[in-house]
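Feature annotation from TrEMBL assigns domain 'G-protein coupled receptors family 1 profile' to 19-282. If you look up TrEMBL, you'll see 6-28, 40-64, 76-95, 116-133, 164-185, 229-253, 265-285 marked as transmembrane segment.
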Amino acid sequence: MHFLLGLIYIGLYLAGMIGNGLVLWIFSSAKSLRTASNMFVVNLAFCDFIMMSKLPMFIYNSYYRGYALGHVGCQIFAFIGSLSGIGAGMTNAFIAYDRYTTITKPFDGKLTRMKAFLIIVGIWIYTVPWAVMPLTEFWGKFAPEGFLTACSFDYLLNTFDNHMFVACIFFCSYVVPVTMIIFFYSKIVSTVFNHEKALREQAKKMNVDSLRSNQNQGNQTAEIRIAKAAITICFLFIAAWTPYAVSSLIGAFGDQSLLTPGVTMIPAVACKFVGCLDPYVYAISHPRYRQELQKRLPWLAIKEANDETKSVASAVTQNDQEQKVAA
């Protein structure tokens with residue numbers, strides 16, 4: 001089992017470091033991607049990148065079939081995991097908020113770069129204490145988990161103080177971001193459906209197929225593609241971290257005999273898997289990111305029309321429609 005987990009983590013490490021490294025490089029260096037919204041994407045990639053950076057410690061421990069790096073190594077491993085996990089959760093929540101304001105309030109809802117920067121600073125101010133408190137054992141503590149080759153906060157310690165810590169970190173690092181994600185995306189879905197319904201009804205009254213121009217339709221399609229990518233990533237976050245949250249609650253308040261070493265490793269692997277999957281979701285769904293990848297790494301053979309090509313195609317289509325109307 002140690003050998004198998006070590007091989008899995010080697011694959012996750014390589015995929016995660018390459019994928020998130022590409023996101024950090026492209027989004028940070030491409031002028032077309034230096035937007036307020038994409039600052040959250042960079043922050044999420046940074047969280048996933050530092051999560052992947054600790055995996056060699058797990059691989060080393062798996063080779064020696066135990067925690068070979070000692071107490072200090074365990075503390076570092078768990079500290080990095082807490083920072084990256086909680087930071088990713090809150091970043092996903094504000095990605096949902098950004099998509100909500102962009103789609104439901106297209107004229108006055110977009111964030112400025114300064115506001116996005118302040119939100120990101122706030123995310124880290126919110127995140128850091130939850131990693132520092134168990135590190136210093138001010139509240140909670142870190143301990144080995146699974147096959148004793150990984151470390152996380154100790155949810156098995158049977159004291160009232162530790163139970164309170166588990167309950168609070170569960171609420172602040174899981175319930176809060178998940179509630180925000182569900183709220184904002186439900187609002188997006190409701191707004192889009194109502195808007196589409198209103199457009200169809202108005203078009204029917206005017207006896208036309210659509211009220212949208214080609215350019216507006218193209219812009220909306222791009223926004224929807226980005227929103228779909230964000231929704232996918234947020235869904236993956238919920239799917240990956242829910243088992244971990246449930247395991248923590250069982251450890252603190254339920255039947256601890258259910259948490260065998262193999263069972264506790266499943267949520268841990270799921271979290272790492274999502275951390276390396278996030279950048280590939282953007283590679284599939286984010287139009288401008290695909291354009292920049294195509295431009296900088298042509299050997300990847302990514303097929304994404306650039307903005308100029310789309311504009312020309314839109315103009316030609318609109319001109320054809322005008323000629324048909326005139327005829």
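Backbone N, Cα and C define each Cβ position, glycine as well.
Using the rule of three or more Cβ pairs under 8 Å, pairs at least 6 apart in sequence, the transmembrane segment (6-28) is not in contact with the transmembrane segment (229-253). Here the listed stretches are 116-133, 164-185, 265-285, and the one with the most C-beta pairs under 8 angstroms to the transmembrane segment (76-95) is 116-133.
The stretch in closest packing with the transmembrane segment (265-285), judged by the count of Cβ pairs under 8 Å and taken from 40-64, 116-133, 164-185, is 40-64.
Residues belonging to the domain 'G-protein coupled receptors family 1 profile' (19-282) score a mean pLDDT of 87 in the model.
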